[in-house]
Amino acid sequence: MIVLKGASALSPFRLARFESRLQTTVPELHIVGAWHCYLIQIKSGHTLDMSALHRILQAESVSEPPQEHVVSRYVMPRLGTHSPWSSKTTELLHGAGQPIARIERGTRIDLLGWSANAATCPAIAKQLYDPMTQSLLESEDEVKTLFNVPEPLSLERIALIDLEHANTRWGLALTADEIDYLRTRYTELNRVPSDVELMMFAQANSEHCRHKIFNATWTINDKEQQHSLFQMIKHTHQHTPQYTLSAYADNAAVIEGHPTARYRPDPITGEYRHEAVLPGAFQIKVETHNHPTAIAPFPGASTGAGGEIRDEGATGRGGKPKAGLSGFSVSHLRIPTLPHPWETPRALNPRMASALDIMLEGPLGSAAFNNEFGRPNLLGYFRSFELSASKTLTRAYDKPIMLAGGLGAIDRIHIKKLRLQPGDVIIVLGGPAMLIGLGGGAASSVTSGTSTEALDFASVQRDNPEMQRRCQEVIDHCVALGTNNPIRSFHDVGAGGLSNAIPELLHDSEVGGVIDLAKIPSDDPSLSPLELWCNESQERYVLGISAAHLQAFAAICTRERCPFAAVGVATATEQLIVGYGVTLPAALHVTEQQTPQRANHTETSPTPNTLPPSVREAFAIDLPMDVLFGKAPKMHRNTAHPPPPHWPTLDSTQLDLHHAGLRVLAHPTVAAKNFLVTIGDRSIGGLTAREQMIGPWQLPLADCAITLAGFGTYAGEAFAIGERAPLALLNSAAAARMAVGEAITNLCAAPVESLSMVKLSANWMAAAEHPGEDALLYDAVKAIGIELCPALDISIPVGKDSLSMQSRWQADGATHTCISPVSLVISAFTPVADARRQLTPLLHHQTNSELWLIALDGGKQRLGGSVLAQVHADSAALPTFGGECPDLDTPETLRAFFALMNDARNAGLLLAYHDRSDGGAFAALCEMAFASHLGLDITCDNRTEHLFPHLFNEELGAIVQVADEHRTAFTDLVEQHGLTAYTQRIAHPTTAPSIRIMHNDQCLAQWTWETLFDAWWSVTHAMQRLRDNPECADEEREIARTFTAPGLKPTLSFDPAVDVAMPFIATGIRPTVAILREQGINGHIEMALCFERAGFHCVDIHMNDLITGRVHLDEFVGLAACGGFSYGDVLGAGRGWATSILERTALRDQFAAFFTRTDRFALGVCNGCQMLSQLKSMIPGAEHWPRFVRNRSEQFEARTALLEVIQSPSIFLSGMAGSRLPVAVAHGEGYAMFDTPADQAAAHVALRYINGHGQAATHYPLNPNGSPNGITGLTTTDGRITILMPHPERTPRTINLSWSPNEWGEDTPWLRLFRNARAWVG
């Protein structure tokens, strides 16, 4: 056991912030320092190369004792767990030849002024560590106990009389009917259940997994109901089955897309190729991960995103996740530095993360998983809502909604799973088993706070997106084999772990299975059979393949370094047998490298009947499949509607318009969402056509997201979110209709072809066990399932429910309860024929125009439940939330609106579009003004007493910009669609930096543009200051609030229409480029495409191909090192990848030889840039290059930034000097750190960030990583090798940029970079 001391764990500003938090409780406490400490376990019988280990970890062996009066505390991963960092770093060190069994990293904190008071203070402990994921240890000796392995628990048998006790002990959440069912079945079997069987049954039959409430029969108000909830949802598909290829049958729904050609490597040769144009299809799925996010926000949200991504990948026989969405509903934020009068104090549940902590950590978790996996997150929503119903009852989201969804691509031949046959091999693909997420399916199905804290911890999960990336590469390879795809069927591993996934896999094919527990990969030898079978370790899939394909499948996994194990076989008898004593066919034998834990094999194909009773008695599981899936009791719910709500009504005549406008814009639901958007990569994959950010000033105001179906088409997919949950406190049916309506009005920003092509995912949340809430849920489902969606010809082929949305705890001698409203989040998806015809809220500057409001309420202007009401709910009395509830009164109105928008778009009448939602027309208009850096004169033609309802009602509708010259054509079209009474002019843009409310030429209220912007930006600014570098937050606010800021201002020094590579392409010669990737790299496809378009022949090269000698760099004229997260960037971005080269002599020599050849070139982008910078010692002319370290903001930065091409020797940038170009930026470690000032002066800089005036960008976020003089790209003395942090390969077409000048053609000027390389080769 070795303990090493590493570098400082906290930057100066984080250290100061940390100390300040501690001193609020113990003022005399000071932090002397905080350092990484590494705990390393050596493999038995081996010795470490300590000098290499010090070099790789940048650590030292000496761990000096603390100074006098200084106390050290160690914050380590929670005892008994393995951190994601450990898994990734262990693999990295194995690749570098280090014989370690395990490594963990913690933080040593040295404290001055520690006292007995501090040692026993819960507030201090809370600041030092998170008990859900960490342990606080007092000495190095205690630290060394981290790797202690306890004895595994034995298999338990549970007497039937003790089932109730077991139900409570393990938090199984079984109903009384289910316990009776189990007693009956086990009595029939003449035996008692094992603990493994009970846990498996509980997870497989939890509300989370089996949706018992949605499948229940109902009696409401003593009246039998005709339909179950699920039947009403399915009714929409029965009414409108068109364009849906798979519904309710798989991990995700599949809908028709436009024809497209896939671009991917040939699975045999690795050569990139354009495949034939085939009918398109894409899968859609939206999940929630509410309970884990409430307990541990970062890992909860991260694994929520990861689980949904796996659902897309595991659809049919293999899909490819393409783009994501996310969302959060929480209670009041209560930001300490931004108090709001409506955020009144109350007791909070001590067992759950606060709303503030959830929104500081949860979005980072969701974004981190998407970023590292390599999926752009293009859409989201955020709601903060809380109402006090009494002193002990709150309607809010203490148990949050954490939404994770998205869409993916799937080949039509792979939509339907194949049936497993007896003898087919059961595969576990992905990471090892650990004691993670045990019982999560059941835990998420009960009221938060009613289980024990130990069970809360047991359901906490951990993430490793880099592992999931490897799994996806295996899936992609299998899918690319087309009809030879070895995957017959598979499922992702989620709630319930293998105990749910493997039985589901077998049950789908009506087969049984024999599983050897010894074959399940595990990183924890102490796991009991229950823990091994039921844990929810993430990034795993279960697959069924033919035994004949096993060796070929193993080869794919080996190349991708993706762990897998053949754990069992399917059997004709529908019996599930799981244990350590089973025998499996010799055909399942694969090499030691793939299956480290092998049992003895025989040629006998196992069946339950051939196994002797004495052996079967020892099995953890020996059950007929129908015990799990057959005849469990069906729920019946007998309920009644609660009394009608009596929330006081807001008297808007008593409000001050000026202050009301500022309050509404400052509400977190309305306010700017930049702090949630820029942390997520939105350009990875190269298929983004509309992300959140719009315009030259890059504000996240897009109404929908759009992706492209392929690299050579403008057809694609659009998706949008609708959510109006607080209205359910007034009328749950109306809230559901409004959610659907809002999803449609958001989606209308895209060129939607037909309402019947729109498919919805419905995510339902409710506190179903609170009296009457289930009846309100029934009303909501009926409102859209039976009534609205069929009337619109829209179907709901996929969805999810989470029906334990309440928490309960004791405080001040009373029981407190927090219950969410009945909440529906609608995600709408549709194919689009031409993504270029999208509209955004960006107003056109050069056109005389007016803004028109199409208000679908027909003038009712209902204010019930509005943000205006919420921000004035600060009196001691009951909150003024009531009044008439907004609603979609007639589906025909929404149909007419949809048709109007399509016809107006087709006629070229619309310049801009923005839907009306939270904050009403006032907020929507302000957002359009903010996005466009324009002022507005807002007109109110009705009586002044109706001013507040006119401006702040949140009925369905949209605002469009129409040029004056098209006014008549637009109003004629409005009349044709019968919407004249719903349409009015509401504003016109001005160049003045002000927003005015005008009535009969009288100014009723006026704000400066910056005053309103400051209110709108306040939440983002406050959250960034708490979460990121506060200096960066201040700098961004100052730039964003400047009305005269120039924004993105591109200029070109060359004609991009001139293709310098064309003469060489015409020769028919295509030089070969290695598209190089390491495990965790995710940007290789778009990189290959850009080189291919420039005239190169591209080949997919994994580092394993070079290590094994399958290929050699001599075979390639060029090398492109791609972006991503090699080894999860655990030791610094790109360092793991570089280490895998530097620590292998033969590989190091091969790269050195390639770099030395003057007829070879190399390009490193992002992670490839970081990796090549670490190899500068072997690259001629690169000796002055910097290292790339953490961004100054200490946050992942995803931006569209403005670059200037500097005159340099770079062959890639020849003829481009002086150009100023927008480009996608997405990295966490892009700060260029030079060894000396002389190196910075001598380095050949090729690219730098600039501001809109053409000057080197020194302020954030124009310089997103803080590099000196904006440096972000460098080259060698001869220019053959260039490295850059931004991503030109993601934006070869103007459709890929979030904004570009109107005069640019189909391609962006960045294609010149790749064409220059082809011209250089000649």
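Positions of Cβ are set from backbone N, Cα and C atoms, glycine also.
According to Swiss-Prot, the feature active site, nucleophile maps to CYS1166, an assignment based on sequence analysis. In sequence order, GLY1083, CYS1122, GLY1123, GLY1124, ALA1226, HIS1227, MET1285, PRO1286, HIS1287 make up the list of same-chain residues 6 or more apart from CYS1166 (active site, nucleophile) whose Cβ falls under 8 Å from its Cβ. According to its DSSP assignment, CYS1166 (active site, nucleophile) is coil.
In this structure, HIS1287 (active site) is part of a beta strand by DSSP. Using a 10 Å Cβ-Cβ cutoff, HIS1287 (active site) registers 26 neighbours. Residues or ranges marked as active site in Swiss-Prot (evidence: sequence analysis): HIS1287 (among others).
As annotated by Swiss-Prot, active site applies to GLU1289 (among others). There are 30 other CB atoms within 10 A of the CB of GLU1289 (active site), with all protein chains counted.
Same-chain residues at least 6 positions away in sequence with a Cβ under 8 Å from that of GLY304 (ATP binding site) are, in sequence order, GLU287, THR288, HIS289, PRO292, THR293, GLY365, SER366, MET402, ALA404. Residues annotated as ATP binding site in Swiss-Prot, with sequence analysis given as evidence: GLY300, ALA301, SER302, THR303, GLY304, ALA305, GLY306, GLY307, GLU308, ILE309, ARG310, ASP311, ALA702, SER917.
There are 28 other Cβ atoms within 10 Å of the Cβ belonging to ASP703 (Mg(2+) binding site). Under the heading Mg(2+) binding site, Swiss-Prot lists ASP703, GLU742, ASN746, ASP915, citing sequence analysis as support.
Residues or ranges marked as compositional bias 'Polar residues' by Swiss-Prot: 593-608.
Sequence annotations record features per position, and here Swiss-Prot assigns domain 'Glutamine amidotransferase type-1' to 1073-1322 based on sequence analysis.
For 593-613, the entry in Swiss-Prot reads region 'Disordered'.
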Between the Cα atoms of GLY300 (ATP binding site) and ASP703 (Mg(2+) binding site), what distance do you get, rounded to the nearest Å?
27
What are the sequence-distant neighbours of GLU308 (ATP binding site), meaning same chain, six or more residues apart, C-beta distance under 8 angstroms?
LYS285, VAL286, GLU287, GLY324, ALA404, GLY405, GLY406
On a simple 10 Å Cβ count over all chains shown, which one of the binding-site residues GLU742, ASP915 is most densely packed?
GLU742
Cα proximity to ASP915 (Mg(2+) binding site), best match among recorded positions SER302, GLY306, ARG310, ALA702, GLU1289:
ALA702
Quick one: largest C-alpha distance among GLY300, ALA301, SER302, THR303, GLY304, ALA305, GLY306, GLY307, GLU308, ILE309, ARG310, ASP311, ALA702, SER917, binding ATP per the record, in angstrom?
32
If you draw a 10 Å sphere on the Cβ of ALA702 (ATP binding site), how many other Cβ atoms land inside?
28
Mg(2+) site, defined by ASP703, GLU742, ASN746, ASP915: further same-chain residues with Cβ within 8 Å of the Cβ centre:
CYS704, ALA720, ILE721, GLY722, ALA743, ILE744, THR745, LEU747, CYS748, ALA749, SER917, ALA958
Check the Cα distances from ALA702 (ATP binding site) to each of the recorded positions GLU742, ASN746, GLU1289 and keep only the ones within 10 Å.
ASN746
Among all the protein chains here, how many other CB atoms are within 10 A of the CB of SER302 (ATP binding site)?
32
Spatial neighbours, same chain, of GLY306 (ATP binding site) - Cβ under 8 Å, 6+ residues apart:
PHE369, PHE373, ASP463, PRO465, GLN468, GLN538, GLU539
